[in-house]
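Asks: What follows is a structure written as structure tokens; I'll ask about it next.
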């Protein structure tokens, strides 16, 4: 029995650190103390060195950083399957907007709790949210034990939550102040898109983000219709429009970025903008295919997201990784495009960098926050194992996630959620759904 103390010790699994050197230990171990990783290394050595309050034998499993869903609208679980297979404007105006007009903060809380249950069970430990009543999103994420970056959606027309935009800006700053010391919750400034926000509003949002040193997050160039709308209004494409008013920079997270030309690609790379790729939502809404290989060639950090449940219709990053890798091979007719390791790093370190936590999460290294998942490889569809990263992207399912640890806390053990009564959460959402669609 060693002299070093640990709160939790995971032993005998194959540990994929996903650090820059790609270190792995098999059999390996991870020691956790006070919410951080105290040691990573060979299982025999760590078992001898550490005296742990709790030890989990994860033999036959793979231990890796928790996945990061870098763009979603968590409470839209409430609208999963409400309307599908429709043109975008018809889908929004006839179905989603009328449903959102009924939203209450209580609905958002329970919709987010349902999202957290789904995400934890599918290996996601951090998510980034843009929606309404975001104080309830923060509260739900905190109750579920998830790490989250959240921000109230801001636009020039009245919000179902805060009304006039002045209230929205004040609300955003109050959120920043309320959550600034929290270990799990971080606030971002989140203007909706260039076609719903005036240059003046975008500038004010940028000023708030820079002043508080928090991310600025926006939907950008999601489809060709958006590009045409911004072009006709301002005489510039959306990316060039944001460049003109001073928004492009390493603090900006741009969601989607589907409809890009060569100059757009150059600007995003030159300014250090982070991009979040949402392949399944883009496919389902027929928005197109984001030129992710070209973005990566230009040095753009690309993260992975699911978007909301109304346009995906799940929050499963394992499925998203598989789709991402295969979609770009088909789109480019190049089987070497988007290799498995590139995609896995998008869903881990790429998301961490985009959300301003590149030095804290996204890899298993000493001193990093202890956000990790354990995937059970003792399954017929995961045998034999020549390349575990290949299996994680092309063969594993979200249901293979066995344990989840966030900030050093075991939030799921043997598929059982430890931070909520998931049956109660589902029943609450079923009740809400009867009001949404009687």
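Note: Cβ is positioned from N, Cα and C throughout, glycine not excepted.
I grabbed these lines from Swiss-Prot:
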type: BINDING; residues: 71, 73, 219, 307; note: Zn(2+) binding site
type: BINDING; residues: 100, 192, 222, 307; note: substrate binding site
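Provide an account of the burial state, proximal residues and distances for the features listed.
Replies: Around the Cβ of residue 307 (Zn(2+) binding site), a 10 Å sphere holds 29 further Cβ atoms from the protein chains shown.
Sequence-distant contacts of residue 100 (substrate binding site), defined as residues of its own chain at least six apart whose C-beta falls under 8 angstroms from its C-beta, comprise 132, 160. Classification of residue 100 (substrate binding site) by DSSP places it within a helix.
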Asks: Relative to the Cβ position of residue 192 (substrate binding site), how many further Cβ atoms are located within 10 Å?
Replies: 19
Asks: Taking the centroid of the Cβ atoms of 71, 73, 219, 307 as the Zn(2+) site, which other residues of that chain lie with their Cβ within 8 Å of it, listed in sequence order?
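Replies: Result: 72, 130, 255, 256, 276, 278, 281, 305, 308.
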Asks: To the nearest whole angstrom, state the Cα distance for the pair residue 222 (substrate binding site) and residue 307 (Zn(2+) binding site).
Replies: 12
Asks: State the three-class DSSP label for residue 307 (Zn(2+) binding site), counting H, G and I as helix, E and B as strand, and everything else as coil.
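Replies: For residue 307 (Zn(2+) binding site) - judged by DSSP and reduced to three states - the answer is coil.
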